[in-house]
């Protein structure tokens, strides 16, 4: 039975950015980054009021089709509650369409806010972390970014076909993820270009098949990445090598590709962040001052970021 939330309940969700793939872990590996959007949701007597501040304020719809609103509604439905009206304020810091998981963060933040409202009504109605991973991944189609924003740290994610009770295929896959505790010596630097990238476009550049040797190469590097991230950061250079997607996307990301080469030549493990165009660098040393100056002179924003915890509500 659906319960109605009283007017006047307020929850704020603070949700981190994320980077997916980390080189070899295409659609599998992710990491939460210390760059945060905030979503404040208040239940009201009727209607929907939404306000967007910061990134995307002039680009996203201010209405029921907004991704955060859709995620809130899905979260309320999953928790078995309903609100007669909602006031939603989105304070966006994560750059949009740059490969930093802004859409996943919007979804996770909306779901977490809805979950927080349900818990205020009855703690027994709260959704588990596994449920939040599942729900957020359904929006995205794969859980690498979404699960990183839910769980924090680095994540290994996967999916499998779901089944109904009668054995027929389910309408959605089953999504899962486990969090990894990142080695404390690892530093994260994001080099963010001014231009945007389309995930759909860059995915369209990928071939339908790959040579067996390239698949085997990425399997080895993906396994090594787990070791490098948690225990052996000295292996990050080898652990971030890839043959499945970065070279294939290079024509669409010339600045990104060039900067990955520059950083790797300097001994810094660098990859495309998600679908780009942001460059993700993983290192155990301070980022070189001269490289920062060079990047900024070319219009790149250089962000030194912590590895973040997962979404939090208050």
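Including glycine, each Cβ sits where the backbone N, Cα and C put it.
Keep in mind that what you see is a predicted model, and the values were worked out from it rather than measured.
Record features, source Swiss-Prot:
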- 95, 96, 97, 98, 99, 100, 101, 102, 103, 104, 105: ATP binding site (BINDING)
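Most other Cβ atoms within 10 A: among the binding-site residues 97, 103, 105, that distinction falls to 105. Sparsest Cβ environment among the binding-site residues 95, 99, 101 (other Cβ atoms counted within 10 Å): 95. For the recorded site, residue 103 (ATP binding site), the DSSP three-state label reads helix.
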